[in-house]
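Annotation comment: TrEMBL describes 60-155, 163-240 as domain 'RRM'. The region 'Disordered' annotation in TrEMBL covers 1-36, 234-303.
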Amino acid sequence: RESALEQADEEEEQKLLQNKTKQKKKSSPAVSKSVVKSDTGTTVKLQREKKVVDELVNRRTVFVGNLPVNCTAQVLKSRFKEYGQIKSIRFRSLVPAEDTLSKKLAAIKRKVHPNAKFVNAYIVFEEECDAIKALKENGTEIASGFHIRVDIASKSSSHDNKRSVFVGNLSYDISDDAVREHFSVCGGVVAVRIVRDRNTGLGKGFGYVLFEDTDAVHLALRLNETDLMGRKVRVQRCGDKGKVPRKPPGQPRAPKGGAGTASGAKHRPDDSFVGETATPLRKGGKPKRLRTAPGSKTGRKNK
């Protein structure tokens with residue numbers, strides 16, 4: 001009897017241990033999920049904070065494009081220091097002289113590809129208002145044949161399409177100043193932006209020209225198919241790419257029912273067969289009998 005009681009106690013203890021292990025297994029996924037969720041929430045929060053910090057820095061940063069390749073940080077500092085205290089200057093769009101060199105190392109050692117003609121830079125100011133003042137340098141000539149483009153680096157800055165034109169079929173090695181000179185006859189040019197490849201620095205064959213007023217856009221459209229460095233350039237309004245041309249106002253519209261038909265009726269050939277439209281039966285309804293012609297009865301011939 002005593003051995004039987006001991007055995008029962010042992011079985012109860014084993015059952016309790018098994019129940020505890022099961023509860024631990026059930027609770028462990030929940031704990032891991034909560035840890036993953038907390039880690040994900042922390043990561044998302046850090047990403048948001050970093051995004052806000054980057055945006056604040058970008059508001060204090062100006063992008064300076066179309067700089068000569070031999071431009072130095074000292075030259076930029078001496079030119080922009082009158083607008084406020086400069087925190088840092090970094091060069092971008094450099095094409096290294098050797099494939100083994102990184103762009104950052106090429107910028108430090110000034111080992112740039114011999115065919116490279118220009119570089120871009122970012123200037124970070126201590127205050128946002130100083131960066132806005134520096135926009136006065138936009139369009140000024142920093143060296144012979146180099147009119148710089150100065151803009152706020154923040155993504156919130158919008159481009160005015162009403163004062164801009166899209167220029168296509170450009171030469172790959174064309175310079176910003178060549179495009180500026182070609183369109184300067186239309187009016188004051190605020191900025192020229194040639195879209196280029198990051199690795200080679202060569203143009204992709206298209207760009208944009210921003211004018212001082214909208215009247216210059218009308219004149220710029222007349223330069224469509226004109227020759228620029230041996231190529232017939234394509235000039236369009238910004239946003240007009242790929243749009244279907246509108247029909248002339250004098251052309252009549254086709255009726256809604258079909259093209260070239262009157263009163264919306266579909267055109268059918270003369271020898272086509274047109275059947276009668278069937279009337280759908282109502283739910284639970286009986287089909288109607290066919291009416292016979294007057295004076296005739298079922299099973300009798302008409303007299």
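Cβ coordinates are placed from backbone N, Cα and C, and glycine is handled just like the others.
Remember, it's a predicted structure, so these values are computed and weren't measured experimentally.
Here the domain 'RRM' (163-240) is broken down by DSSP into helix, strand and coil counts: 16 helix, 30 strand, 32 coil. In the domain 'RRM' (60-155), the DSSP tally of helix, strand and coil residues is 28 helix, 34 strand, 34 coil. Restricting the average to the domain 'RRM' (60-155) gives a pLDDT of 87.
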